[in-house]
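See structure below.
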Amino acid sequence: MTSKESKPSRTTWRGMEPPLRETWNQVLQELVKRQQQEEEEQQGLVSGKKKSWVSIDLLGTEGKDIKKVNIWEPCEKWFAQVIWGVLWVLQIVLWGCLMWEMRKGNQCQAEEVIALVSDPGGFQRVQHVETVPVTCVTKNFTQWGCQPEGAYPDPELEYRNISREILEEVYKQDWPWNTYHWPLWQMENMRQWMKENEKEYKERTNKTKEDIDDLVAGRIRGRFCVPYPYALLRCEEWCWYPESINQETGHAEKIKINCTKAKAVSCTEKMPLAAVQRVYWEKEDEESMKFLNIKACNISLRCQDEGKSPGGCVQGYPIPKGAEIIPEAMKYLRGKKSRYGGIKDKNGELKLPLSVRVWVRMANLSGWVNGTPPYWSARVNGSTGINGTRWYGVGTLHHLGYNISSNPERGICDFTGELWIGGDKFPYYYKPSWNCSQNWTGHPVWQVFRYLDMTEHMTSRCIQRPERHNITVGNGTITGNCSVTNWDGCNCTRSGNHLYNSTSGGLLVIICRQNSTITGIMGTNTNWTTMWNIYQNCSKCNNSSLDRTGNGTLGTVNDLKCSLPHRNESNKWTCAARRKGSRRDSLYIAGRDFWGRVKAKYSCESNLGGLDSMMHQQMLLQRYQVIRVRAYTYGVVEMPQSYMEAQGENRRSRRNLQRKKRGIGLVIVLAIMAIIAAAGAGLGVANAVQQSYTRTAVQSLANATAAQQEVLEASYAMVQHIAKGIRILEARVARVEALVDRMMVYHELDCWHYQHYCVTSTRSEVANYVNWTRFKDNCTWQQWEEEIEQHEGNLSLLLREAALQVHIAQRDARRIPDAWKAIQEAFNWSSWFSWLKYIPWIIMGIVGLICFRILMCVISMCLQAYKQVKQIRYTQVTVVIEAPVELEEKQKRNGDGTNGCASLERERRTSHRSFIQIWRATWWAWKTSPWRHSWRTMPYITLLPMLVIWQWMEENGWNGENQHKKKKERVDCQDREQMPTLENDYVEL
C-alpha cells in the first residue's frame, strides 16, 4: 500500500504500470510523423488544409467563426518560393556585375602575389631547415651550376604581405635563429675545388687568369630560391626585446626578435654566392647589412633613456646563446680555431654551442681615426682595450688573400699567397685578378661584438670589470634600495667598486664612476653572513677586512691575499690570486659568474671584419624564415607606366563617360537592391514573429497532450485495479457459496472433521473437496476502498492539470496571427514603410536622370556637329597668272589721300548678307558635306535653322543694330583675310 503524496503519481505500485512506456522524444516523433502524413494526404484536396492541432473547449463554447479555406494556399507557397529564388539570383548577378566593373576599373600596380593556402594564415612554419631543398639563381647559370634568373619569380615584384596578427599567431613574437645549410654547402664545394686543384697551382704563373677568381672574390651574385611546396618569409620590420631576466644576476637569458611586417617570396635578395674571408663588402650589400642593425622595441627599457644610458640601446642582430654555427653533420668544416672573431664557443672554437650571446651589425666607422676606434689614443700603452671594450682586428686584417690595414685610406695590400675558407688555409700560387689596393672608405664592414655580462637591456655602455681586491664596503656611499634589475633605485656619492648588502639579502657590487654615475651592478644571492664565513676561513684572513685603503680612484683592500673570495681552478674557495714568482693573476668580478675565476678584464669584446661569404650569407639569411605552403600560383601582370601615359584624351574621355554610366547604373542597382532588401527584411521579420507564436502554441499543445496522456494512463491503471477487485470478489462469493454447499453436504453425509479431514462413512470420492487456502493473502475490502480513493484523487488532479494545459494551448493558439498581422504587431510598419509612397517619385527621378543623360548626349553630339559645320575649311587653290608681269614699278594710287590726291569717288561699302543668302550658303554647304550621308542626318538637319539664325545675328547683330551703324569701319587688308561671298563663290567643306 502506498502513502499519499502531495504530487500525484501515475501508478500506486510497480505491478500496476502499463506494459509499454514511451519516451517524450518518441511521442514528439510520432506527432511529427502523423502531421506530415496528414499534410501529404491533404495536398491534393481542393478544400485545403486544416489546422494540425486540436483545441479542446473546456467552457463548452465552440468557435462559430471557422476560417475560410484558401484554395490558392499551395500555389501561393510555391509562387513565393520561386519569387525568393529569382530575387536571390538577381541579387547575386547584380553583385557579380558590380564587382566585375569595380575590378575592371582598377588598374594593376605590376605587383603580383603568391597565393598561400594553409593554416593558420596560409602557411606552416618549417623548423628543420636542413631538409628544405634549395637552388641558386644567377646570370652565369651554365658556368656555376645554377638556374637562370627567370626560373623563379623576382621577389621585388611578386610577393604577398602577411598580416601582423598572423605573424604573432605563428611565431609568437619570436623570430628564431636558423643555421642554414645552403652557405655551408657552397663553402664545402669551394674547399673541395681548392683541394682538387692544389697540384695544378704550382705550374701556374701570375699571368694565368682563372674564371674562378670572380667566384672567390664574391663577384658572382645570385639568389637562393626554394621550390614548391616551400616559400620564404622575408621580414620587413623588426625589433628586439629581452626575455627571461635572471633575478640573481640581472642578465637577460634571451633576446628575442619581434617581426611586425613580413612578405612571402620565393627567392632571397641578391648576395655573393661564394667568397673567401674578407673585411669589407661591396656597396650593393650595404642596405641588406644595414637592415640587420635591429633596434630595441618601443617598450620600457632602461637603455632607451639617454640620460641613464648614453648611446641608447644596442643595435644589431643577436645570435642567441646555444646556437650552432656549424652543425655536427658538417663538423669537418669547423677547423681548429674560429676565424670569425667573437663568433666562437668558450674554447675559441666552433665545436660547442655559443656560451655567450653574440651581436653582429654593420660597423659605424664615422668616429674612427686612422683605422682605430674612438678614444684609442687615450688607452694604456700596449693595451687592446678602451672604454670597457677589448678590440680585435685593429691593425692588420686579412682580405681576399691580402694583408690590409684597418685604415681604409692607407691602401696597404700585401699578397700572402693564402686563402682562408672557413677554418682551413689553402695556398694560392698566383696573384688574383682582383685589386684590393683601393680606398675602401664607405664600404660596409661587419662588426662582431659580445656583451659578456649580457645586460644589453640595461645599458649599452661597456665597463672595465673590477678586480677582486679593488672593492670596498659601501658604508655611507650608497643610498637607496637598488638591485640587479633596478639600477635607478640607489645613488652613489663616491667613485669606486662598492660591496653592498641589498635589501633582498644578497650581495651587490655597485660600480660608480665620476662620483655619481652608476655604470653597472653585479649581484648574487649569497648573503653577507655566508660570504664572511668563507672569508674568515681563508688563511691569514681572520683579522683582515674588505675596507678601502689608499686614496686612489678605485682603492684597494689592505691585504691583497685577503680579497673577495672566489673559486679557484680546483673549485675550492680561496681569497688570494694565484702567483708565479713575482707575477700575480688578475681576477675580475663578472656579472654572470660572481664567485668564479674570471680573467676577462673588459665586459665587451669587439671584432672588425673577418667574416667570409658563408657567415655573410648566414647573417643575411636570418631575415628569412622557411615556410611550407599547400599551393601557390605565380602570375606576372606587366602594366608599364608608359602604356598608361601613351593614351590620348580620346580614351580618357571615353573612360570618364563609361564611369559616369556605371555610376548611374550603380545607383539604379543600389535602389533596386534597397527595395528588395526592405521587402525581404519585412517578410523575414513577419516569418520570425509567426514562427515564435507558432512555437509557443505547439509547445503548449504538446504539454496538453502529455497531460491527457497521463490522465489516460492513470484511468487505465484504475480500470485494471477495479477489474482485479471484481475478480477477487467473485472468487470470494464463489467460495462462500461452495462452502455453504459443502456444509450442507457434510450435514447430509453426517461427517466430522479430524485434522482437516472429513471422516465419514460415505465414499471417498464424495468427500474429496477443494482446498481454499490460496485466497488467504488477498486484500481486504478496506484496503481496496483506500486504493480506489487514491486513484480517484490522482485522476481528478491530473484532469485539472490537463484542463489547465488545454486552456493555455487554446489561448496560445488564438494568438497565432497571419504574416501581416504579425508584422503589424511586432513593429509599427505604418511609419517604417511610410517612405514607400515616395517610390513612384524615386522611380520618376531615376527615369528623369536617365532621360536627362540621354538628352545631354544628344546635345553634345549636336554641339560637336555644330562646331564642325561652323568652322569652314578653305581649300588651297593654285592661281596661274597669265598676264605679263610689269617689272617697272608704277605709281600707286592711293585713294585715301596719302599721296596728296584724294579720290572724290564714293567708297563702296560691302553690304551685309540677307537671311536668304545665308540660308542658301548653309544649305549648299550641308548638301556637299558628308554629314547628310549617314544615320545622323535627321538629328543634324534640325540644327541648320539655328545655325543660319546664329550666323545672321553675328553679321547683323541681335536686333539688326549693325545695319544702322554709320561709322566707317577700318579695313586692314594686310592682316585680315576676306571671306568670299557665299552666294556666288562656294567653298568645299
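Just so you know, the numbers here start at 1 and follow the chain as drawn.
The backbone N, Cα and C atoms fix where each Cβ goes, glycine too.
Fair warning: this is a prediction, and the values are worked out from it, not measured in the lab.
Taken from Swiss-Prot, the feature N-linked glycosylation site applies to ASN161 (among others). A simple way to gauge crowding: the CB of ASN161 (N-linked glycosylation site) has 12 other CB atoms within 10 angstroms, across all the protein chains here. A strand conformation is recorded for ASN161 (N-linked glycosylation site) in the three-state DSSP classification.
In the three-state DSSP assignment, the secondary structure recorded for ASN298 (N-linked glycosylation site) is coil. Within the same chain, residues at least six positions away from ASN298 (N-linked glycosylation site) with a Cβ under 8 Å of its Cβ are CYS239. Summarising the annotation, Swiss-Prot assigns N-linked glycosylation site to ASN298 (among others).
Around the Cβ of ASN387 (N-linked glycosylation site), a 10 Å sphere holds 17 further Cβ atoms from the protein chains shown. According to Swiss-Prot, the N-linked glycosylation site annotation covers ASN387 (among others), on the basis of sequence analysis.
Among the features that Swiss-Prot reports, N-linked glycosylation site is placed at ASN470 (among others), with the record citing sequence analysis.
The N-linked glycosylation site feature in Swiss-Prot is assigned to ASN475 (among others); the stated evidence is sequence analysis.
What Swiss-Prot lists as N-linked glycosylation site is ASN481 (among others), and the listing cites sequence analysis. Just so you know, the Cβ of ASN481 (N-linked glycosylation site) picks up 11 other Cβ atoms within 10 Å once every protein chain is counted. When secondary structure is read from DSSP and collapsed to three states, ASN481 (N-linked glycosylation site) falls in the coil class.
Taking a C-beta cut-off of under 8 angstroms and a sequence separation of 6 or more, ASN491 (N-linked glycosylation site) has the following same-chain neighbours: ILE478, THR479, GLY480, SER516, ILE518. When secondary structure is read from DSSP and collapsed to three states, ASN491 (N-linked glycosylation site) falls in the strand class. Under the heading N-linked glycosylation site, Swiss-Prot lists ASN491 (among others).
According to DSSP, ASN501 (N-linked glycosylation site) is assigned to a strand segment. Of all the Cβ atoms in the protein chains shown, 16 others lie within 10 Å of the Cβ of ASN501 (N-linked glycosylation site). The annotation N-linked glycosylation site is assigned in Swiss-Prot to ASN501 (among others).
Here Swiss-Prot flags ASN527 (among others) as N-linked glycosylation site. Its Cβ placed at the centre, ASN527 (N-linked glycosylation site) has 14 other Cβ atoms within 10 Å.
Among the features that Swiss-Prot reports, N-linked glycosylation site is placed at ASN543 (among others), with the record citing sequence analysis. Here ASN543 (N-linked glycosylation site) comes close to no residue that lies at least six apart in sequence on the same chain with a C-beta under 8 angstroms from its C-beta.
Look at Swiss-Prot and you will find ASN551 (among others) tagged as N-linked glycosylation site, backed by sequence analysis.
Per-residue confidence over the region 'Immunosuppression' (729-745) averages 76 (mean pLDDT, predicted model). As annotated by Swiss-Prot, region 'Immunosuppression' applies to 729-745, with the evidence given as similarity to another entry.
Swiss-Prot lists ASN828 (among others) with the feature N-linked glycosylation site, giving sequence analysis as the kind of evidence.
The annotation transmembrane segment is assigned in Swiss-Prot to 839-859.
Feature annotation from Swiss-Prot assigns S-palmitoyl cysteine to CYS862. Secondary structure at CYS862 (S-palmitoyl cysteine), as computed by DSSP, is helix.
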Report the nearest neighbour of ASN481 (N-linked glycosylation site) in space among the recorded positions ASN470, ASN527, CYS862, comparing Cα positions.
ASN527
Recorded positions near ASN527 (N-linked glycosylation site) (Cα-Cα within 10 Å), from ASN161, ASN387, ASN470, ASN501, CYS862:
ASN501
Among all the protein chains here, how many other CB atoms are within 10 A of the CB of ASN470 (N-linked glycosylation site)?
21
How long is the line from the C-alpha of ASN501 (N-linked glycosylation site) to the C-alpha of ASN161 (N-linked glycosylation site), rounded to the nearest angstrom?
53
